[in-house]
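Per TrEMBL, the features are as follows:
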type	residues	note
TRANSMEM	31-57	transmembrane segment
TRANSMEM	63-84	transmembrane segment
TRANSMEM	96-115	transmembrane segment
TRANSMEM	127-149	transmembrane segment
TRANSMEM	161-179	transmembrane segment
TRANSMEM	185-202	transmembrane segment
TRANSMEM	209-227	transmembrane segment
TRANSMEM	285-310	transmembrane segment
TRANSMEM	330-354	transmembrane segment
TRANSMEM	360-382	transmembrane segment
Amino acid sequence: MKLALKRPSLTQIPRHWLVPNWQQEFTVRRLLMLAAAILASIGVIMVASASMGIASADFNNPFYFFIRHLIYVLMGVTAATVAAQIPMHFWQRWSWYILIISFVLLILVLIPGIGRRINGSARWLGAAGITIQPSEIGKFAVVLFMSGYLVRRQEAVRTTYFTGLLRAGIIIGLTIALFMAEPDFGASLVLMSAILGMLFLGGAPLAQFGLLFAGVVGGAIALAFSADYRVKRLMSFWEPWDDAYGTDYQLSQSLIAFGRGDWFGVGLGHSVQKLFYLPEAHTDFVFAIYAEEFGLVGVFVLLIAFFMLVQAGVRIGRNAAAVGKLQESYLAYGMIFLMLMQAIINISVCTGLFPTKGLTLPFISYGGSSLVVVFTMLGILLRIDAETTIAKQGGTP
């Protein structure tokens, strides 16, 4: 007896085999993970490419920074995996303790002999070969605290003028003061931008928000002119070619990298600027090396990946708010604001649209603390999305 094998007709084949159901397949979770995977992959490739010259010169090992960066990425993925398994009520309950720990670390970094001073700034704690940047933890800790504060004091924030923000203002002011004592003007700017975004979404009155915004801008301008080195950076920002071999050197070399990149770049590994022309080529200015090697087309790919990341994070925050999870919603918005503002400032610095700041590019630049914290925030976003989905289905996490 022969078995007749029939070829299935198009009507018998499930429709999603032929035409994918993008609304189902491209969920927020998958969009977020895809964007993070693209950015992290670009980071691994670019750190390997941008750091070979300096790694060979300083450590006689061209893969020194690449191997360490790969370890940091694996640590970050592990942190994201763990964070995605932790219920949100844990973060809500321990937000004060995390904030206190971040304050202790920020104070320790200022103590001579404990904090490590690099390039004139005391921003790092080092022990047993491990270096920690407390400001990265501090930014997350304040956003975590604010997400709970905006829920607990929601009525006061929305109805009173400044009373509702008094307690939060003390915490934020203390954090900014510790940041500036390092000094770390970039971290202060990123944190304040994220807090303003959270207050706006939290329903703060427009008049109050406007005054706060004006105060932040005024404070930033005052701080910018409070130190000679910041004034020099501002001057180099306005005229980057006036002293191309002096105060304007880093910015001018970054702009040269963009010019060499043209449309399609010079090719992976063929950057000239990374060969001791552009300082911090694998950290703060890795975006310039990326633009040189992959050109404008590559830059568009990277920007699209960041857009996907931000869109996914905003959708997670919006979905959480829709099921009544306001604290999770504010936390999602705050974390996305941190990533977005840090990326905007870093890219703006590299392209000469903003004065030089020592900020890493999330998921891409070399830096253990930054990578682990940003991956931890990614894991928390995934957890918020998971608990929101369960809440929509009427269950409990």
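Here the Cβ of each residue, glycine as well, is placed from N, Cα and C on the backbone.
What TrEMBL says about a protein is an automatic prediction, not a curated fact.
The listed stretches are 31-57, 63-84, 185-202, 285-310; of these, 63-84 has the most Cβ pairs under 8 Å to the transmembrane segment (360-382). Using the rule of three or more Cβ pairs under 8 Å, pairs at least 6 apart in sequence, the transmembrane segment (330-354) is not in contact with the transmembrane segment (31-57). Using the rule of three or more Cβ pairs under 8 Å, pairs at least 6 apart in sequence, the transmembrane segment (31-57) is in contact with the transmembrane segment (285-310).
Proximity of distant same-chain residues to the transmembrane segment (63-84), defined by a Cβ-Cβ separation under 8 Å and at least 6 residues beyond the stretch ends, is recorded for 40, 43-44, 47-48, 51-52, 54-55, 282, 366-368, 371-372, 374-380, 382-383, 386. Long-range neighbours of the transmembrane segment (127-149) within the same chain, counting only residues 6 or more positions beyond its ends whose Cβ lies under 8 Å from a Cβ of the stretch, are 91-92, 95-96, 98-99, 101-103, 105-106, 108-109, 116, 167-168, 171-172, 175, 178-179, 182, 184, 187, 190-191, 194-195, 198, 327-328, 330-331, 334-335, 337-338, 367-370, 373, 376-377.
Within the chain, the transmembrane segment (185-202) has long-range Cβ neighbours (under 8 A, six or more residues past its boundaries) at 135-136, 138-139, 142-143, 146-147, 150, 154, 157-158, 165, 172, 175-176, 179, 209, 212-213, 216, 220, 223-224, 230, 317, 330, 333-334, 337-338, 341-342, 345, 357-359.
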